[in-house]
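For HIS17, HIS104, ASP339, the entry in Swiss-Prot reads active site. The feature N-acetylserine is assigned by Swiss-Prot to SER2, with a large-scale study or a structure entry given as support. Look at Swiss-Prot and you will find 39-61 tagged as region 'Disordered'.
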Amino acid sequence: MSTFGKLFRVTTYGESHCKSVGCIVDGVPPGMSLTEADIQPQLTRRRPGQSKLSTPRDEKDRVEIQSGTEFGKTLGTPIAMMIKNEDQRPHDYSDMDKFPRPSHADFTYSEKYGIKASSGGGRASARETIGRVASGAIAEKFLAQNSNVEIVAFVTQIGEIKMNRDSFDPEFQHLLNTITREKVDSMGPIRCPDASVAGLMVKEIEKYRGNKDSIGGVVTCVVRNLPTGLGEPCFDKLEAMLAHAMLSIPASKGFEIGSGFQGVSVPGSKHNDPFYFEKETNRLRTKTNNSGGVQGGISNGENIYFSVPFKSVATISQEQKTATYDGEEGILAAKGRHDPAVTPRAIPIVEAMTALVLADALLIQKARDFSRSVVH
């Protein structure tokens, strides 16, 4: 499906080499200030051609709001946004009419629909995520205005090069409390806040690019100032919805929240997060945050933090022995312009999908609070 969310809903449209990509966002409350200037910064962070570490495809990715606002205010009606595809080269994909790319969606899309886009990855292309980022920027503004929510993602691993993300380490927890987007972006195109490994990550990507290959990595994201009570019991737990959102991003291959897989080797006596009463905020807090801000599927007011691994980009120009759709063995060396590592550009996409989940959860909780007030 191309629609995500229940009350705060987004439908994305477009393929890699069609005339435009974009989205329709429904459920945005009326009266909220909104212009293209609120959306463009995140699209600019996502756009290709930012450095030698990304694809050279030259897209400006300028957003145009088509409906749902008037005089800079939302009307409460669906908001349509369009971004033109300006640097199309469909001829780069002529060989892929015969060969499904290894580990790409060419084969599975063809099997599912009986047809596939002849240029690029179609809906499986990362160009589809432009609509996510545009709608996520609206969700972020809604969250910031309602609860001062902050969402910051950053790169913690490229290939074998990794920074510390030990959830039991006070230094890492301090980083989660203080990291900002300005700090992340100040580290250059790699977007890793640890200067001691950022340069090594750049060299790692350059090494694989030089070999006409690609490499994967990990994005970590933190959410601060989220209210308590968001998320549903059982099937729509907050971490389940976040996992759903993250695993819908192209090239993502997993999800872990809080202590994640690291927590399985820690006894409950050390893993539990004891409570204390904080007078300044007049509420219960936890002394540690191994739960990652979610207990029983519901936000507890602490930082939510999670990590998402992204696989090596499937489309590479290195020769690969593979087979055509007809089963004939052959050699594929993909043409086109592709990222040697998608992880740094995934940052605003992870932030956007996080914002969409949380905006939806906040609206659902507000509806529940209203119904409870009516009953009582």
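Glycine is treated like the rest: Cβ placed from N, Cα and C.
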Excluding near sequence neighbours, so keeping only residues 6 or more apart in the same chain, what lies with its CB under 8 A of HIS104 (active site)? GLY121, ALA124, ALA314, THR315
Rank the recorded positions SER2, HIS17 by the number of other Cβ atoms within 10 Å of each Cβ, and give the residue at the low end. SER2
Between ASP339 (active site) and HIS17 (active site): CA-CA distance (Å): 16
From the Cα of the residue listed as 'N-acetylserine' across to the Cα of ASP339 (active site), what is the distance in angstrom? 24
ASP339 (active site) has how many other Cβ neighbours within 10 Å of its own Cβ? 23
